[in-house]
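Features as listed in Swiss-Prot:
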- 20-40: transmembrane segment (TRANSMEM)
- 49-69: transmembrane segment (TRANSMEM)
- 229-256: domain 'PLD phosphodiesterase 1' (DOMAIN)
- H234: active site (ACT_SITE)
- K236: active site (ACT_SITE)
- D241: active site (ACT_SITE)
- 403-430: domain 'PLD phosphodiesterase 2' (DOMAIN)
- H408: active site (ACT_SITE)
- K410: active site (ACT_SITE)
- D415: active site (ACT_SITE)
Amino acid sequence: MAATGVDKDRPRAMTSTTYLGLLLVGIQVLGFVAAIHAVLTVRTAQGAIAWATSLVFMPYLTLLPYLVFGRSRFDAYIEARRQANREMHLAAAELDWRPWVEEALAARQVSGYKGLKALVRMTRTPTLANNRVRLLVNGEASFEAMFKAISAARQVILVQFFIVRDDALGQRLQQLLLERAANGVEVFFLYDAIGSHALPHRYVERLRQGGVQMHGFSTGSGMLNRFQVNFRNHRKVVVVDGECGFVGGHNVGVEYLGEKPPLAPWRDTHMELRGPAVACLQESFAEDWYWATHSLPPLILPPQYDSEGALCQVVASGPADAQETCSLFFVEMINAAHERVWITSPYFVPDEAVMAALRLAVLRGVDVRLLIPSRPDHRTVYAASSLYALEAIRAGVKVFRYQPGFLHQKVVLVDRDTAAVGSANLDNRSFRLNFEVMVVTVDEGFAGEVEAMLEADFAESLEFTPEDRRSVRRLQQLGMRVARLVSPIL
């Protein structure tokens, strides 16, 4: 009987072993298929080699991370963009678009535009003249301007942020939107589902019950898209009545007002935009809204434009683009510099193209400056940024660390007439994984304001010198290099 019991158990053990073997073979096959996919789709040779090798030899460890981090294009968004563009074209057919054409033609005559011709082809948006722009330094000025515009809204409010918090600032925004919705204003509120993961459901429900159309931007539509949590909508946009728009680095939370240690005071920059280019901000928002809801917000053009003003171009970028628009944007701005290029970013994890552009600018005799934080909000990213900063110093770039608090602004200044403000960081995440938006302005007056702002920031910063580079301990350098290994997904 004992032998009979053993005989009964033996097939069961063999069956379990067979299933385990089939599972391992299946994972190995999936790893091989994913490796082929990586070779065909990953945009950089280094990334393709790294993913393909690990997927072939360690599929049990790397298959799931590849589904999350490895895919560099948000394919489902591409089709949503096409459909949104078709519907926007129909909606815009009855509007008078002649000012767009007239301003685009006028823009080509501006001298500062000549060095940035590639931007138009990269972004699908025209370069438009006769815009009014205003620099908004730090949170108090930025939110005061945004809240004032929202309070005066008559028709439509578009709101988009990466992070929204249910704190004093978030509740103030909530109350303003509820008041405008109660007065018949259409309000559309888009937030990133991952960036705002801590936002309580009650915050969203109160707005919805008050008539605000509020949705989270998520990649969860479709089987494979559920794994694409690495793609985030990092844009910060507010548009009121199609007349004025706001873009920059601020999210909605009291830390952006400098009220949350240990990173306080918080250093950030926004800008206000009025004129034809606001329509491009509406288009960017509409594409994102269509992905989240399969519907479009109203498109509004003001009855007339100013007869003079600044040249502006909205540069919206993301993983749905055919090329790395954000990386190319920075390369184009750096290459356009003849006298100087000053860049400020909370993170400095550049790709090879941007590093090469910085080196070439130094060799051309351009004053190349980089302003980064002296305090980390993400230690791994900070370590990787520090290593790249050391390499930049070796190439002749002047690197400064902002001392008073955390520096979060994303600003580029080129020569005496060109500046850009927006949401894009100087890192791989913004280059290839995030949806970002920058506004390029060609105007000597605005560039002068940006220059004065950055000069004040440099005055409160310490330059990172070659002596500092030599004083970094070997253990610290090892940590920096380990951080750089994972920089493609930071």
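The backbone N, Cα and C atoms fix where each Cβ goes, and this holds for glycine too.
Features as recorded by Swiss-Prot, highlighted on the structure.
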residue : record      : Cβ neighbours (10 Å)
H234    : active site : 26
K236    : active site : 27
D241    : active site : 17
H408    : active site : 25
K410    : active site : 26
D415    : active site : 19
(message) So among H234, H408, K410, all listed as active-site residues, which is physically nearest to D241 (active site)? Use the C-alpha atoms.
(response) H234
(request) State the non-local partners of the domain 'PLD phosphodiesterase 1' (229-256) in its own chain: residues 6+ outside its ends, Cβ under 8 Å from one of its Cβ atoms. (result) 68-69, 74, 136, 139, 142-143, 145-146, 149-150, 152-165, 167-170, 173, 190, 192, 194-195, 217, 219, 263-264, 266, 268-274, 277-279, 281-282, 284-285, 288, 299-302, 316, 318-319, 408-410, 421-424, 429-430, 433-439, 489
(message) To the nearest Å, how far is the Cα of H408 (active site) from the Cα of H234 (active site)?
(response) 13
(request) To the nearest whole angstrom, state the Cα distance for the pair K236 (active site) and K410 (active site). (result) 12
(message) Looking only at the domain 'PLD phosphodiesterase 2' (403-430), how are its residues distributed among DSSP helix, strand and coil?
(response) 3 helix, 13 strand, 12 coil
(message) For a three-state summary based on DSSP, what are the helix, strand and coil counts in the domain 'PLD phosphodiesterase 1' (229-256)?
(response) 3 helix, 12 strand, 13 coil
(request) Express the predicted model's confidence over the domain 'PLD phosphodiesterase 1' (229-256) as a mean pLDDT, rounded to an integer. (result) 94
(request) Could you round the CA separation between H234 (active site) and D415 (active site) to a whole angstrom and send it over? (result) 28
